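Undergrad: Quick one: the structure is below, and I'll ask about it shortly.
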Amino acid sequence: MSKVYDWFEERLEIQTIADDITSKYVPPHVNIFYCLGGITLTCFLVQVATGFAMTFYYRPTVTEAFASVQYIMTEANFGWLIRSVHRWSASMMVLMMILHVFRVYLTGGFKKPRELTWVTGVVLGVLTASFGVTGYSLPWDQIGYWAVKIVTGVPEAIPVIGSPLVELLRGSASVGQSTLTRFYSLHTFVLPLLTAVFMLMHFPMIRKQGISGPL
C-alpha cells in the first residue's frame, strides 16, 4: 500500500497539498457561526446526491409527475427517505444561507478587500432561492401548480416587457407542460451548474483572503 501512495506522492505531491490545507491559520475570534457557509455547502451536496437519485424515477410531464412522486414515496426502495432528506436539506440549506448572509454582514465580511467574495455570495443566495421556487413545482400537485402560476405571473406588472417575460418563464401563454419542462431543466441542470461555477469562484477567494477580522 505504501508503494502505491509513494507512486502518487511522487507525481502529485499529495502531502504538500494536505499540509497547505491543514496549516491554514484560523483567527482566534472564529466561532460556530463561521461554519454556516460550510453547512450550506454540505446541504447542497446532499441535495445533489438525493436529487440525482430521484431522477431515476421522476417523470417531468404534467400527466405523470405527481404519480411518479407518489411512486418514489410509496414503492421505490428507500424513496420516501431520499425525498424526505431532499426536502429537509433544502429547508436547511435556505435557512443556513440566510443566517450565513447575516453573519457576514454583521461582522463586516463584505468590506474591502472582500467585495467580490460578497458579490459571488449574493449570487449564490439568489440561486438558492431559485432552487426553492423551481423545485416546489416539480411534484405538480395543486400547491406546486398554483405556486408556479403566481410566481410566473408576477413579472406581468412590469411595463412593456412584462407579458413577454411571463411567456418566457412559462414557455407559453398559460402554465402547462412547457412550464414544467423549463422548471425541471432549471432545477436539475442550469441552477446546479451555475451554483458550482460560483462556488468555484467563491471558495478560492475565501481561501486567498482568509477570514475577516473582528469588528
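Just so it is clear, glycine is given a Cβ too, placed from its N, Cα and C backbone atoms.
It should be emphasised that the depicted structure is a prediction, and the values quoted were computed from it without experimental measurement.
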Undergrad: With Swiss-Prot as the source, identify the stretch among 116-136, 137-157 annotated transmembrane segment.
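TA: From Swiss-Prot, the annotated transmembrane segment range turns out to be 116-136.
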Undergrad: If you count other Cβ atoms within 10 Å of each one's Cβ, which of the binding-site residues CYS35, HIS86, HIS100 has the most?
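TA: Sorting the candidates by Cβ neighbours within 10 Å, the top entry is HIS100.
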Undergrad: What is the nearest of the binding-site residues CYS35, HIS86, HIS187 to HIS100 (heme b 1 binding site), using the Cα of each?
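TA: It is CYS35, whose Cα lies nearest.
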Undergrad: Nearest to HIS202 (heme b 1 binding site) by Cα, among CYS35, HIS86, HIS187 (binding-site residues)?
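TA: Result: the closest of the binding-site residues to HIS202 (heme b 1 binding site) is CYS35.
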Undergrad: Report, as numbers and ranges, which residues of the same chain sit near the transmembrane segment (116-136): CB under 8 Å and 6 or more residues beyond its ends.
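TA: Distant contacts of the transmembrane segment (116-136): 40, 47, 90, 93-94, 97-98, 100-101, 104, 109-110, 143-144, 147-148, 151, 183-184, 186-187, 191, 194-195, 198-199, 201-202, 205-206, 209.
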Undergrad: Round to the nearest Å and give the CA-to-CA distance linking HIS187 (heme b 2 binding site) with CYS35 (heme c binding site).
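TA: Per the Cα atoms, HIS187 (heme b 2 binding site) and CYS35 (heme c binding site) stand 26 Å apart.
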